[in-house]
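Q: Provided herewith is a single structure, encoded as structure tokens, for subsequent inquiry.
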Amino acid sequence: MLILGIDPGTAIVGYGLVEARAGQTRALVYDCIRTPAGEDPCRRLATIYAGIRELIERLQPETMAVEELFFNKNSKTALAVGQARGVILLAAAHTGLPVAEYTPLEVKQAVAGFGRAPKEQVQRMVQALLGLEEKPRPDDVADALAVAVCHASFAPWRQREKEVAGR
């Protein structure tokens with residue numbers, strides 16, 4: 001299964017394409033979409049949307065895994081990230097790409113074995129699990145790969161739940 005992991009943001013959207021086959025996962029492509037600071041917020045969202053659409057069309061993932069919004073103390077930041085998530089989900093919907101969403105706690109649990117693992121531990125585990133020579137940078141890229149690895153772990157269970165519920 002080809003999974004496009006996404007870490008939403010307004011300045012940087014991390015992404016990583018992970019292949020999960022026969023219990024093995026490997027990173028195929030990872031990078032980020034950047035939007036210029038100070039640019040009109042609507043232009044930034046348009047840049048994110050266009051970038052995600054281009055990735056979906058070029059990489060042909062089978063599914064997208066997106067980190068859910070974690071509300072912090074800065075509501076302005078949370079709102080902006082929520083808008084970025086919206087255009088990311090819209091790009092997936094326009095291309096018919098299925099989307100799975102995971103909380104930061106679920107991602108950390110799947111990757112590091114502990115839902116409250118520090119960011120550094122999650123990054124080291126992403127590096128180890130995907131056999132990367134270096135930790136992916138910036139952090140947003142490592143987070144996107146972590147979301148994809150999380151989905152690779154959860155996808156079989158989610159499919160089984162659907163099958164059981166459909167009976």
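Glycine too: its Cβ is placed from the backbone N, Cα and C atoms.
Just lifted these from Swiss-Prot, have a look:
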{"type": "ACT_SITE", "residues": "D7", "note": "active site"}
{"type": "ACT_SITE", "residues": "E67", "note": "active site"}
{"type": "ACT_SITE", "residues": "D140", "note": "active site"}
{"type": "BINDING", "residues": "D7, D140", "note": "Mg(2+) 1 binding site"}
{"type": "BINDING", "residues": "E67", "note": "Mg(2+) 2 binding site"}
Q: Give me the Cα-Cα distance between D140 (active site) and D7 (active site), rounded to a whole Å.
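A: Distance (Cα to Cα, whole Å): 6 Å.
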Q: If you run the three-state DSSP split on D140 (active site), which class comes out?
A: helix
Q: Looking at Cβ-Cβ distances, which residues of the chain lie under 8 angstroms from D7 (active site) while being 6 or more apart from it?
A: V13, G14, Y15, E67, D140, V141, D143, A144, V147
Q: Please report the number of other Cβ atoms within 10 Å of the Cβ of D140 (active site).
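A: I count 24 other Cβ atoms within 10 Å of it.
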